Every structure is written in C-alpha cells, then in structure tokens.
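Colleague: Please read through the structure below; I'll follow up with questions.
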Amino acid sequence: MFFLTKILPLRGRIFPMFGCLLLIVSLITGCIASPAAEVAETVFDSKPVDFMTFKDSTNTLFLNAEFGDVYLSQDNGQSWRNGVISGQVCPIKKLIKHSFENSRVFALTECDTVYYSYDNGENWDYFTIDHPISITQLPFHFHAKNPDYVIFNNQYCSSSGTWVGKICKPDLYYTKDGFQSDPEPMPVGSSYCIFADSSEKMVVSSEEQIICISLNPNSAARPPFSHHIVYSDDWFQSIVPVQLHNFLGSDGAYGILSTGSFLVAALIDAATRKLFVYVSQDGYYWEEALKFHKGFEFDAFTILPSTEYSFFIDSLDSHPNNPTGILYSLDSESNTFVIRQMNTNRYVDGYTDFMLIDYLDGLQFVNVVENVDEIEVDPQVDKVLSSRITFDGGKTWSTVASPESSCNSMKQCSLHLFLDPHVSHASIASSKFAPGILLASGSVGDRLLSENQMDLFVSEDGGRNWTLSRDGMHLFAMSGFGSIFFASEYLDVINEVYYSLDHGQSWVTVTLDKTIVPIKLFASEDPYAEIFYLLAMTDDGEQSNYSLFSFNFGKFLPKECQFSNSESNKNDFEKWYTRYANGSPICSEMGKKEFFWRKKATSVCSVPKSITDLHGSFDACECTDEDYECNTQFISNDQGECKLLDFIGSLLCASEDLDTFQKIPYRLVPGNKCTPNKRDSHREPQTFNCDSFNEPGTEITSFLYDFDEKIVDVVYLEGTVPEENTFLIGISVNSHVYFSEDEGKTWDKFSKEEFSSVLPHAYNKNSVYMVTSKNIVYFTTNRGKNFYKFKAPSPPNQNGKSLFSFHPSRPAWLLYAGSENCEKNPFADDCRDVVFVSLDFGDTWSRLPSNLEYCSWAKAEKLVVDDTLIFCIRQNTNDPFKKELISSIDFFEYEQDEILNDVVGFMIEDEYVIVAVQDEEGTSLSLDVSINGLNFASCSFPAYLNVHPKQAYTILDSQTHSLFIHVTTNTHLGSEWGDILKSNSNGTYFMTSLANVNRDSVGYVDFERLEGIQGIALANIVSNTKELTDGGTKKLQTLITFNDGLDWSYLNLVGGEKIVPKCGKNCYLHLHGYTERNQFSDPTSTNAAVGLIIGVGSFSPFLIPYEESQTFISRDAGVTWYRIFDSPHLWAFLDSGSIIIAVESISPTNVIKYSADEGRTWQEYQFSEKSKVVVDVSTKPSGVGHQVLLLTTDDENAPISSVLIDFDALYRRTCVFDEENSEESDFVRWVPTDISGKPLCLRGRISSFYRKSIHKKCRVGSSLLVKEEVLSKCECTRADFECDYNYRRLKDGTCVLVSGLQPPDTREEQCSVDDAFEWRQPTGYKRTPLTECEGGVPLDAGTLHPCPGKEDDYYKAHPKPGGWSIFLTIIFSILLAAVAGCILYYYSRRFLKGAIRLGSDSATENPLESGISYTRGAFSSIPIFFSALYQSVRSLFIRSTPTNGEFENAAFLQNYEIDDDDEESV
C-alpha cells in the first residue's frame, strides 16, 4: 500500500517528486507484524555534501556546494527548503558541526563572513573577520566544556598578481560568548591555537587555558624554528612561554594537538633537525615522550585516535609512494612510545588503516602489509593486506576469526576488513548504545580482496567471532541501539535496499520504483531515531541527478522497549559480557569481568529516551601473566622474558656513574584493571650490574678497512636522530659507490655500476640521490635503510648544472635538468637542455616546455612564496644568445610570467632571489634582487665597480639578513682577487666590506663564518695587489670581523713574539683559508663546539706555504689564538667540542692526537702499525659524534684505507646539565669577550653559551644543544644601523640619499598597525634586522607626526609645551648651538671635509681620530634637534597636519657638504 504525499518544489533547484509511505508486509510468522518504513525521495541537480543530522531533533542539513546554499529539512528528510540563511551574501563552501554541542553548526564562506546556527540549522546569525577565509584547513577549535569558547584558526591567503602565487598568513580569533559579540583577534604573531580543555577526557587546571604556536620575538630564525609555544589562562592578559626543553625552550614548534586525554607538542631542533615530542595531560606539566626511543623521522608520523590512557602514532617506515608504517602507543604513566605493530598499511597522505572501538577497552583493528620485502625491491608492486585484531591495547595481535563455513580448504584463512579511512563505507559500524555489535565489509582468505569481491560481515561479541551477513559489497549502517541494520548494494545499478531487525541474521527487501546508483548511506546521529538516509545518482534520460532518500522506521515499531536491571523475558535488554568461555563470562584481556546492557536481537521495539547508560559494571580480576607486558626500556626475548635494552643499561650506568641499579621489568598493560595478588612478583624491581652492559672503559678502539681503489669523497647521512648510526657513502675515483651502516667500520660496494653523481638532498638530512652512468637513479629517504630506484627521464645535462632541484618542504617534488640529442655530440645543433618535474619521488615525470634551459623551485626556507612556484631560464625566441627569467605556478600548463630579460643566471639564497643581468651592450654585469616576491630591484654597487659579464660574482651567504657577495676585480689566472660587498637588509644597496679578498680560479673565496655565533667571519686578503699586475705570487693576510663585516682586524696570537722573535710589529697570525682546503674536510668551526676555531697558518708578515705552517686554536671565537702544533694538522671536533682530535697532514703517521680540555693538553693513540699519509679527516657534520674517520694512503695514486677511531669509551659518565646549580652542572657558561676581557656586543646584545667544563670527565652525547642566552642588551651604535631604502652608505658609515630618489614614505605602513596614533619621519637610517640594542645613538629617531584622524591621541601622548618652557628652550638652544657651532667650525677647519659622519666603534682607531669622530658624532645630531624644536614651536601657531614625506630636517642637513665622491674600498 502506498500513501502519496507531494514534495514542494524549491526555487527550481530541486525537481518536484513524490514521497511515499511504504508498508512492508511481514515475512515473519507471528502475531506482531514487521514494521513499515516511511520513505521520501527528493531529487537535486547537484550533489549534496556535508550532510548532517542532529540529536534530539528532526532537522537535517546539507550543503549544495555548486550554488553555495544550505538546505534544511525539519521533518527527517521528507521535505527540504533552501535559502535558510537570511541575508546570505557569500556562497557557503563548508558546513562544520560543533564538536561538543550537537545543535550548533557553522557555515564557512570564502568571504570574510561565517554564518552559524545554534538551533539545529533553523535560525542563523553571522560574524565577520578582517580577511577572507581559507577553507584549506578546518579553522575551528572548540572547547570541550563551554560551547561558547571557540577559537578560529584562519589563514588569510592572498595573491599579489605577480609570479609568487598565493601566500598565506595566520589570521586567528577567539570568542568567549559564542560570537554574540565580534570575535577578538589573537595576539600578533600567533599562528595556531587550541584550548587545553579540548577533549571530554581531558582534566585541566584552568578551563580558560589556550595554548598557541606563536612567533618568538627574540628569534631571528626562519619558521618553524622562529616559533615557540605559549599559553594564557586569562584570555591573553598575560602570555607565558612554555618551557619544554632545557635549551630549546619551545623554539622550533612544529605542531600542537589534542587526542584522547593527551596534549601533544612537537619541536624540531634547527641544528640537528631532531624531532622532540612532548605530552601533557593538564596543559601545564609537559614530559618528553621520546626520552628512551630512537625517534621518528621529520614529517613522517600520524597521530591516530586515542583513549584516556594511551594514544597512538603511526610512523612511516618504507617508500613514501607505497608506504608502510610502524604503530606505536604511549601511555599516561611512562610517557614512552612502545612498538605495537609492524608493517601497518599507510597511504601517501599519512592516513592509516587503523580502527579503535573506544567504548571497549583494548579493542583495535589494523591492516598490515604482508609483502613488505617485495615493495622494498619494487615500490610499484600492489600491497597484500591482511587484518589484525587486539583485545589488550596492542600487546598481542591475532588474525580476525573468519565465519566457520567460509574457509573451505584454504590453509591460511581469516577475515580481512576494509578499513581505508578515505572511503566512508570502509569502516566498522559500531555504537556505544549497541555494545559488542560490529558491522563491516571484508573478505575471507589469505588477504583482503578488491572491493567487488567483498561481503558484509557481523560480529555480536566485540570482534571475537564473525558471521557472513550478506554477499557482495554494500553500503551499510545501523541505528544507534542496533535495532535496525540497513544496507544497499554498492558498485552497481540497483532498485532494492535491505534492512534487518535481528542483527543481520535475516534481511527484508524494499523495492524502489526506479534504478539508482548508491553513493553514501547515513544513519541518524540521534541514537533514538530509527532513520536512514541514502544518497544516490539517478538518470531520467536527459541528465544525471542526485536523489536523497530518507527511510524512517521509528513510527512503525510496534512497541516501546522495556528495561530492567534483571534478566527476564519481559526485559527487552540482555546482559552482555565482553568475554566468554564455554558460554560463561570470564575475565577479559584488560583484567576485568565487564558487562553491558544491550537490546536483544529478537526484540522489535523503539528505545525510549529515558534509557541513557547501558554500561553495567565491572569486577577487577586477579592479575595473571597475560595482564603484564614488558616495561618501557625492556624487550621480550624468545622465551618471553623481559630483558633490559643494552643501550638503556649503558646509558643509566653512565649518566649516574653507578655500579648497580634497579628497574622493574614488567608493567600492567595500559588500561588493565586487574588486582595483583600477594605472590605476584611482576612488580618487584630487578637489580642490574653495570658490568653486564658492555661497560665503557678507557679503551679507544679503531677499525681498519682497505679499499681496492682511491676514495675521493665521503657523504654523511646523519639524519635527525643523533643516537642512531650514521650512514656513510664513499665515492671512488673510478665512480663506484661504497656504503657503511656502522659509522665506517666496514664498507660494502653498493653495486657494480658506475655513478656519475651523488647528490645529498639539500633540505632532508636522511636523503641522497645517486645517478648511474646509465641514468638509473637510486635514492633513500630513510638514511640508507631502504634504497629505491627510478629511470631518469633523460640523460643529464652537459653544462654542469645541478641535476636535481629539491623542494624545501615537499620531499617528493623534484625538478630534473637533463638533455636530449647530446650524447654523441654536445655541440650538435639539435642538442638542447630539457627540464622535467616529478611530484612522486621520480615515479612519473612531466616534461616542461622545450625552450627551458634550467629550472629551480623558488621557495626557500626563508622565502615565502607559493609551493608550486618555479623559476626558469628560457632562451629568447628572437635571439638564442639572450635569455629570460620566467616563472610559473602551474608548471606552465596555463600560466607563466616573464620577470627579467638579458639574464645570465639566478640563484636563491635564503630569503633572497638573486639574478645576474647584463646590459644591452653586453659590456657590464649587474644584479637584481628580490626579497618579498613582489618585485625586483637593481643592486647599487660602489661607483668604482663595473663588472664585465666574464667576471665573477660569488654569493657568499645571507645568514645575517644581509647579502654578502664577492665581486672579482682581478681575473688574471692564478692571481684572482676581488671585493666582498655587504648589502642592506633588502639586498639592493651594497657597501664595500673588505677589498682585495683572495679567491681561486674556480670561484671559491677565502671567506668563512664562525659557526654558532652570528656576525663573526674570517677572510684572507691579497696584500700585494700592486705587485701582481704582471703576475707573481700572492701574499695573503688573514682578517677577522666581529660586527658582520663593518670592521676588520688582524688575528691576535698570544705569545707570537716568542714564537717568531725577530718578526717585529708587522707580524700577525694568518691562516690558510677555504680555497686551500680539501673539498670534504671538516670546517674551521662547528655549531656544536661554539667559540672553538682551529686553523693552519703562520705568525708572519704574510701567510707562508702550507707545508711550513703550524696549527693554532682559538677558544674565544677568534679574539685570541694559541699555537698547538709546530706542523700542519687535520682536525675534527667530537662530542660537541669536548674532544678535539688532530693528525699530521703532510708526513706519514700512525698516531692520532686527542684533547679533552680544548687543546690545552694532548694525548696520543696509535691506530695502526704502519705509518701512512692521512689525506682526510671526517666526522658527523653536526659535531656530536664520538667517531672520526681517517682516509689514509701510501702515495697519491694508491688505494685508500679507512680507519674508524671510536672515542665512545673514553668517558663513561654522561654529562649533566643543571642550570639552577652551577656547581653540580658539568657545563659552564661562556661569554664572548674582546681582547681586554670586555663582553662583546654581538647583534646588539651580550650573550652567553654553555660549554662542557674542561675539568669534568664526562661525555656530552646529545645532552647539550647549544643555545644562546641573552644576558643584557647593548647601547645602540652605528654598527646597529643600516641605510634606509633609497639611501646608500659611504665608507665612513654615513648614509646619503641616492641621487634622483626620494626618501621612503612609510606613514601609511606605520599608521596601519593596530593602535598606532603616530608615525616617525625616516632619517636615512634603520636598525639592522638582527640587532636588539637599546638606547645609545638613536640614528633612526626621526620627527614624530600624528596619524590621520589620531591627532587627539597624539597630543595626549605629547602635550604641547607651555610658553615659558618654549622661551627657555629657545634661549638655551641658541646658546648651545652657538657654542657647538664654534667648536664644530674649529674642528671642521682643522680636520673635516664637511660630511656628517658617525662615530666609529673600532678599537683600532688612533686617539686623534677617535676624538674627532666623537665630536662629529655628538654634534651631528644638532640639526635634527633643531628640527624637532622648530616643529614644536610651529605647532603652537599653525594647525598641525600630517606631512607627505617632506623632511624638514633636510634643510639643516643641506647646511653640511656631503662627501659623496668617496666610494673606495675600506
């Protein structure tokens, strides 16, 4: 029987259809008929998305994404209407329901408006924010207890219309009243925030606590290293930094989130890229979670659903394109990760086949990959998946029991479940109101079959046993209490759907009046509503549409269910225990006998809302062996006994210098509720003797390996985890590759193939790409654990360009610079460069346009541009000898932009994009620079420089927010030198930092920064340039700078006059520089050994030959130097500088020297019987290792032998850092000072660093991460300022306006800042980006003006002076000016040439020059003072209005002659 009701047409977007009331005749004998279903169908011309239902409501909601409208049904889907948001202006893009308040829903637009409803979608309001909304991420973060507390983590993404593409910035807000008032913006610098109380399982101290990742105002690093974690529990009235790590604090904040009862924070150390994970359960107390674990790879783990006592992580463990993982859990007691399952099935986006049934303690499902070995050989192989189940939280796993009748004669037979998190029907349907009842798709056999071979299975005992419910792949759902199962066939055209009233044992067919293709099936979120919704595609012959069916069984269930706490026939509920044996309840794997009430399968009734809690109770069981597992730091052996990990025993013995210690080998499985009995010995501590853990002694060990050919380079894959072995790659002169997995003790040949290139990944320390002569590329992403290969898309280029351009944030993205038609003849007419792009680690390649010569990712670690932006060099179509710089953000599919013409080349250095451009005549070479991606500006060089295209630029670095370049000024072969230029912070104006700096014929420059302390660098100059015009030998001298290239001085050797008594005053210490060093030698300094520098050189007027040189050390960052050896040595820093090794580099030797007191005393270790020449010394690049690798040979062409010397056993105890108790700490605070002992001002501050005390006998290991601590701020000096835009700096430090340019107008920029009411007139100077100085010389303190419309606020802050004050000020100023004028006139006649000059800070000035500079510096501020005075007097009589960039002090500046003809080098 059908009862037809008409569905109202809705504005032409829904086709008029009919609903029907379908009465289904019972197929079951008995006095009670099977219930009917009320069925309604509505047809739409576009696909409904974001479908949602509500608890305790008949309302249903969805989004028509094509038109941006929200549709509402108030009768469980029988009828629909749109336009429910009155006054809607912007199309809706996304619907989001409140996580904890079911009646609240939010509608996101891409405008600046968010609509919201607090009554299940019936009535709507809105709030606006300052910028358009980005829906690439879900912006809302909800409070678990107070629904009115909401955080809105928006990202404002804008496109400048230029080649940079889209750039996103944080745009965060919060509300305390559910957006009844305008949302409050988060503090400036906030990038992501959450509530501490963000889970129903959380227990926090303050409900108002907010935790944020925020920009650290004291950090000059790049993101994420510039960000730290802060919290506030008073709505940002106060903000407290979170101290997670002794040295890092919380710098390097990579992410924060909540899961289960845990807050999780991840930090990345900028120096080592090591990942630190911290957990908290109250938002205040945090504990490191990886303390005894080897660690996870950066950006390769996934946080999974968690419980109140454990949370789960899946970590990548294979090829990223066909990934597998390792499942870990962490519990609230130990805060230590434990491996729970290997070879889990992961997806490229990080999702994992994992399912947790949260209301049943310990019940989880996971799919594992059975053919991992095949995938490691060939990542293209399809995965073979099988399912596992655990009932004890991951301690033990088993296959899923298959239905008894399904296996037939198969040897390996179990049930495998479809758990793909990307597919809505690939899940397990369950409900806490129907405990133990599970509904899932899968297949029976030895593996999970394809979707079209899957069936529908049911379990009624929490996954222990399963039955086949329906054949074929289905969409499925069950009502909240399990009263009704509903299913439709999938992957086919159908006209029938099915429902079951007895937990899937039998099914009733409902025939529809049309054929459909089901898409999704939903059950009502209201557990008391027996309603299902089916979304399907239909076809009326003209076009495909979407039908939304609702099936309402609730009205026709014959009775209301009866519930009582006693089991009887009248009770519609039964008592179900979580585990049975022989029909009787027994203790579960979680140490308790637990039961729930659930509706009987035979009861056909509707559950009243008075029934809310079906959890009965549990009784704790007596503990057995099965309730325990190995404690953290222990591992189970073959006999099932828990044995302490060897490295843990060694670590504990070393850290405390113990003879014995106690540990408890066992612990209860997290969440287990059993009660230990008196005889239970599992919790008793076990005593361990340190002698049994390979106790470190004092023996240094060495390992010799003889190669059969010459090794010319060694590549270290140190990775992100210092505790693990470093993977080494050796490259031979014959193009063979060797590898070592044990730090260099033993080596194996990678293959018989010859390799043309070995390219470490520029941004990923775990990765290297190796290219064979046959264009096969081998690569690893996990530090050599697995190597994969692909075929290069073409032969390599023939002109020396780097083969690969690596992306800084997307490791799978590669650009390849190849060639075609060049192998036989690289000069052939059809030989050309080609460029390819891959987004999947080289599995597939796309060729870019054919006229491109070279391309590079534009995004750098400090350059904020679109991820897809690439720069390319393209041949000019009209002139093949001219080239253009172009860009694209879609790999030239639709868009490209031409940036510059006549380009020679380009490079990206941190935040700078640098392009070399030649003029139209081809006679001069210049640079164009961009730092913001919006425009390029031509660099202004000193007037004396005119660089020919055949001359060389060498980009040195940009670590200090200034670009350092070397411009070659003499190109005579063998006598090359040039000038080092330093730019202002935007890279457009350069001053000469140091002239006549040495370089070699290849282009390398004798310029090297001190690692670990910014602003200090060494350089070698050619002192006899006039003698070399016709050839000759360079005479080199070494200089050092402590203020980032503004001043340079000679090196000070302590006792130098005793070393070379007859040398005289012309002798200084000079060092052999970068151009003379082996390409793979260790650097002069390292970040890990801050302040320590070693070099080979001589105390002489000029640098003498290397073989005649001696070896020197500085322990104070280059201020003073000491001789340590009479001959040249190679060296390396081990254990963060606590051990220094050195070995003779010219003469054959079999002895290595080592020092544990920063080179004050040395001991020797004989590493072989035979003496050989040591050609290279190498160690971990981070400087934290304890091993050093020597490459030795008998003569220049003989095969190489490697000697690994292991100093790991030198000290047994691990150093302890105790910031509070300096006497107990093994580290001392070191403050850099100048030669007089005065603390050095570096970047405007006096800083301290921690180094191991030379008097403490311990090993640093990874216990020390060098961190600078600011002790005090310095007064500002001229070194803290640079020239403002459109100004250039003369050699004396004076900033003058560039001829033809105007001073920058920054009024709008300054006044646009929140709460700004005044703007400051530029003076030509601005603070350098890195300085933190305070007070002192205010060179950037220009005249203040009120912002437009803020005059009242301005004059409140700056009251006008009274009449007498003005009169006295004028009289005093006139007298002072008269005296000053006389003094200035006197000195200017004697010493000055008329320029305004800044006082010099150099300690090398003579007294007369110093006095003159001071006088000039003091009185050069008088014109600015008069300008301010004039402005204050004038404002009494003239209405003050904002100026338009006119500078009144310019008139006073013009009273002085600007010395603008002096652009020489310093």
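Glycine is treated like the rest: Cβ placed from N, Cα and C.
The shown structure was predicted, so the numbers you read here are calculated from the model rather than taken from an experiment.
As annotated in Swiss-Prot:
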- N465: N-linked glycosylation site (CARBOHYD)
- N545: N-linked glycosylation site (CARBOHYD)
- N986: N-linked glycosylation site (CARBOHYD)
- 71-82: repeat 'BNR 1' (REPEAT)
- 836-847: repeat 'BNR 8' (REPEAT)
- 1039-1050: repeat 'BNR 9' (REPEAT)
- 1112-1123: repeat 'BNR 10' (REPEAT)
- 1-33: signal peptide (SIGNAL)
Colleague: List, in sequence order, the same-chain residues at least six positions removed whose CB sits under 8 Å from that of N465 (N-linked glycosylation site)?
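Modeller: Result: A401, S459.
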Colleague: What residues in the same chain, six or more past the boundaries of the repeat 'BNR 8' (836-847), come closer than 8 Å to it by Cβ-Cβ distance?
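Modeller: Counting only partners 6 or more residues beyond its ends, the repeat 'BNR 8' (836-847) has Cβ contacts under 8 Å with 319-321, 379-380, 777, 779, 781, 788, 790, 792-794, 810-816, 818, 855, 870, 891.
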Colleague: Including all protein chains shown, what's the count of other C-beta atoms within 10 A of the C-beta of N545 (N-linked glycosylation site)?
Modeller: 18
Colleague: Specify the count of other C-beta atoms within 10 Å of the C-beta of N986 (N-linked glycosylation site).
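Modeller: A 10 Å sphere around the Cβ of N986 (N-linked glycosylation site) contains 20 other Cβ atoms.
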Colleague: Return only the integer: C-alpha distance in Å from N545 (N-linked glycosylation site) to N986 (N-linked glycosylation site).
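Modeller: About 56 Å separates the two Cα atoms.
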Colleague: Under a three-state reading of DSSP, tell me whether N986 (N-linked glycosylation site) is helix, strand or coil.
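Modeller: DSSP call for N986 (N-linked glycosylation site): coil, neither helix nor strand.
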Colleague: Reduced to three states, what secondary structure does DSSP give N465 (N-linked glycosylation site)?
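Modeller: Reduced to three states, the DSSP call for N465 (N-linked glycosylation site) is coil.
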